Amino acid sequence: MFKMTSNNPIDPQIVELDDLHEHREIVTFMRRSSPLNTSQRTALEQHQNFILSYPVGDLRQYFEKPEQPLTVEIGFGMGRSLVQMASANPERNFVGIEVHVPGIAQCVYEAGIANLNNLKVLDADAIHVLKAMPDHSINCIQLYFPDPWQKKRHFKRRFVAHERMALVEEKLEMGGTFHSATDWEPYAEWMLDVLDNRPNLENLAGRGNSYPRPDWRPLTKFERRGIEAGHVINDFIFKKIN
Ligand SMILES: C[S@@+](CC[C@H](N)C(=O)[O-])C[C@H]1O[C@@H](n2cnc3c(N)ncnc32)[C@H](O)[C@@H]1O
């Protein structure tokens, strides 16, 4: 995990974040600065209607039909699969949370073309957004191909962890679902070990199993990369039962 300590992009001084005493909060992402292309820059200006400004509070208030079930996607990347899901499910509301600004721009660009009224996105740490939501207010939380944080000293940054799952459970409605997918088998084993040991969650594929890949989950960019690298895809769908 790295942090730029210089504003000069040509000669960045890079230090290990984990070595900084002041960096106390453990985050599950790494902010990458990449330039926006022209359509992304234009989309950010023209499609402000899709973008929520942090802090947001109860996400349901921003929709024309706030009573519709709410899906929250954590880390949507470039957002194409989120736009496809929102287009295919007008009877639900969708909020995508991402810290990668070109991804947010690309997502609102595509949401504008699809003329959606059931999708909002925001640039924030999903943990902070979830904490501000009322309990039992989200019908589905989805986490597709989260950063696998492969080094042992970075395992604490993996999103699927007992402390973060306690927050997810608190915010899910009774009967609501947590859906994750990964192409990194050690993380799949890790996820199963955490999720199968959450008393408030039921594995819809049966204890110890991954869920057959649902055909209603669109292919994501990182999933395609994983498949091209020969990786096996594992989906997990857990229902909140307590
Ligand atoms: C490996 S990418 C996968 C992107 C996309 N889901 C896909 O499958 O193509 C993981 C993404 O999650 C985002 N992310 C990780 N932790 C996050 C958090 N706490 N809040 C918001 N976004 C987060 C990262 O910025 C990154 O873009």
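Using N, Cα and C of the backbone, Cβ positions are placed for all residues, glycine too.
Keep in mind that what you see is a predicted model, and the values were worked out from it rather than measured.
Under the DSSP three-state reduction, ASP125 (S-adenosyl-L-methionine binding site) is assigned to coil, being neither helix nor strand. Taking the Cβ of ASP125 (S-adenosyl-L-methionine binding site) as centre and 10 Å as the limit, one finds 16 other Cβ atoms among all the protein chains shown. The S-adenosyl-L-methionine binding site annotation in TrEMBL covers GLU73, GLU98, ASP125, ASP147.
Annotation source TrEMBL lists substrate binding site at LYS151, ASP183, THR220, LYS221, PHE222, GLU223. Under the DSSP three-state reduction, PHE222 (substrate binding site) is assigned to helix.
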LYS151 (substrate binding site), number of other Cβ atoms within 10 Å: 9
Among GLU73, ASP147, ASP183, the one of these binding-site residues whose Cβ has the fewest neighbouring Cβ atoms within 10 Å: ASP147
Which same-chain residues, if any, lie at least 6 apart from GLU223 (substrate binding site) yet have Cβ under 8 Å of it: TYR144, PHE145, ALA181, ASP183, ILE233
In sequence order, those binding-site residues of GLU73, LYS151, ASP183, THR220 whose CB lies under 6 Å from ligand 1: THR220
Other CB atoms, at most 10 A from the CB of THR220 (substrate binding site): 21
Spatial neighbour of GLU73 (S-adenosyl-L-methionine binding site) that is closest, considering only the binding-site residues LYS151, THR220, LYS221, PHE222 and their CA atoms: THR220
